[in-house]
Amino acid sequence: MAMQLSLSHQSWAKSLASPITSFDPARSPPKRVELGPNCLNGGATAGKLMREKVGERMRMSGRSCCVKASLETAVGAESETLVGKVTEVDKDTFWPIANGAGDKPVVLDMYTQWCGPCKVMAPKYQELAEKLLDVVFLKLDCNQENKPLAKELGIRVVPTFKILKGGKIVDEVTGAKFDKLVAAIEAARSS
């Protein structure tokens with residue numbers, strides 16, 4: 001999924017009017033950070049506030065804090081519109097979307113372009129996404145570009161389906177086993 005983000009001064013002000021969740025590359029529990037109008041100027045106050053509240057994990061100038069904060073707000077808002085469809089993700093967009101889903105189960109289809117069983121599962125996976133509106137359905141092309149994420153998630157065969165809840169992997173289905181996938185999703189929905 002390629003996310004296009006266009007920010008004007010007004011959109012920055014709107015997205016930064018309320019608290020945001022800070023970016024944490026280690027994916028530890030998110031921290032709340034308040035940014036105000038000083039961030040619009042890229043002033044030192046915003047950068048200082050960000051460093052004081054978040055600590056050394058985030059090394060950014062005030063202006064880049066604004067952009068990152070606005071991006072995170074956009075990703076959080078976008079995760080609400082992900083229901084009812086399958087969304088293509090990559091190594092940069094997967095974790096923000098998965099963590100932004102809150103209590104909704106997230107199902108990640110890890111596939112390759114050349115995989116026959118992956119192609120068989122794709123329309124069935126799409127039907128599930130249209131039917132189960134309380135679940136976020138994602139797919140990741142396990143190409144060279146996304147290899148670091150595939151390795152992090154422990155993929156060994158394609159297709160592999162990872163089921164996450166609360167940003168943590170709760171189940172895995174390997175191969176084109178549709179019935180097992182449905183059962184794993186139902187278990188995640190009811191937990």
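Every residue, even glycine, has its Cβ placed from backbone N, Cα and C.
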Of the residues Cys118, Cys142, which one does Swiss-Prot pair with Cys115 through a disulfide?
Cys118
Compared by Cα position, which of the recorded positions Cys115, Gly116, Pro117, Cys118 is the closest one to Asp109 (site 'Deprotonates C-terminal active site Cys')?
Cys118
For a quick check of understanding: among the disulfide-bonded residues Cys115, Cys118, which residue's Cβ has the most other Cβ atoms within 10 Å?
Cys118
Inside 10 Å of the Cβ of Pro117 (site 'Contributes to redox potential value'), count up the other Cβ atoms and send me the figure.
14
Counting every protein chain present, what is the number of Cβ atoms, excluding its own, within 10 Å of the Cβ of Asp109 (site 'Deprotonates C-terminal active site Cys')?
26
